[in-house]
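**Q** Mind having a look at this structure? Questions to follow.
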């Protein structure tokens, strides 16, 4: 075995030689699941098993680093950690990405899967397949990833591993023999998960001998170092001191530090094709480090990597500083936070009562709440947030009016900018396709609720003898506010909904 790690008692003293890890021994994978099915706890156990963190510590959601994640008990940011594990007398590098489970942060999942070749599909053995389980399976399948099914929480008294296994086989076509059973809480079955990742997930494609290309799939801002970029090396290699160029901005920077997340930052001298890590290069302008960008060595010519598909905002709200003298501070805070959450759209906005501000687009109401909470907690920004609304498509009539608005059809997300009704020919509201998974006994109540919200039933299937899967098309305006609360009340908390398109 080739030695690539040297340990001391402190993580900061870990020394890693990335040159010792061939591409065939690299696995890039994510954990995807419905909310509260145990992703973060499983990540903790995997890190303990690989030696990243001590089992003596009380490790709970180590990768949930944001204050808002700790307070709300949910993951809102995908986090990466590099695990090293010896298997069959060879050292393997396993780059794990722990992803959010709530549908409002689906862009985080989609962005992260671009850097993966496989995923663990984690399912609660008590709750069974849920709406977001279906959405995540479809997303991973769309990316062409190897999917490893894992049942978690088998230690619970009410766990139903056999029933849930049947759900996985009937809905997704898994073989029962390939479904792993674990208890992330107790650490049961963790080695089987590691072995399955090594044996079943393919290594990344790429060539270490080609020109350096890297995909930026995340970034964040620090006060002293500026922008820190998280990248996947697709081809070639990179060393500290070399100069790299952004394909989108054309700006070049000298690498000041390279490293991996262990889960804290561990500097390394170089990174090679197939490996994931971070770099610091004194990038001060957040706009020069975009998620989905391709980085290459200055003076070389490479084909830019395919762009990461941008998310489509579903909910809009006005964000204004409570004190107009803090407008520039809020602008800076928004720019820095968007660097870490690129799914948010931004445009200038003004209000006669509130002054200058911004119109921000989010993937949902929870996404909006979390973003505003992060503005306050991470940047000490005191803001006023208007009521959330949705965009409408409006068809204008009259040649002069069409010329004034720059086209016959316009999209309006701000109620103050709606045209005069006398020049509007038609209004179009956004629609969303969603899946509801519910016990059969609540079907009639949920059916009435969907009808009252102008829902159009598209499909109905049985997940098992007691569980129904409903597919509905809804006007977005009918579901963004209190839809989820009503669904929970009608089903005693058992029904789940997720938008699928």
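The backbone N, Cα and C atoms fix where each Cβ goes, and this holds for glycine too.
The domain 'Tr-type G' annotation in TrEMBL covers 24-205. Per TrEMBL, the feature GTP binding site maps to 33-40, 98-102, 152-155.
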**Q** For the binding-site residues listed here (33, 154), which one has the lowest count of neighbouring CB atoms within 10 Å of its own CB?
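**A** The binding-site residues 33, 154 were compared, and 154 has the fewest Cβ atoms within 10 Å.
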**Q** Taking 10 A as the limit, how many CB atoms besides its own sit near the CB of residue 39 (GTP binding site)?
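**A** Counting Cβ neighbours of residue 39 (GTP binding site) within 10 Å gives 26.
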**Q** Tell me whether residue 39 (GTP binding site) sits in a helix, a strand or coil according to DSSP.
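**A** Where residue 39 (GTP binding site) sits, the three-state DSSP reduction gives helix.
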**Q** I'd like to know which of these binding-site residues, 36, 99, is least surrounded, judged by other CB atoms within 10 A.
**A** 36
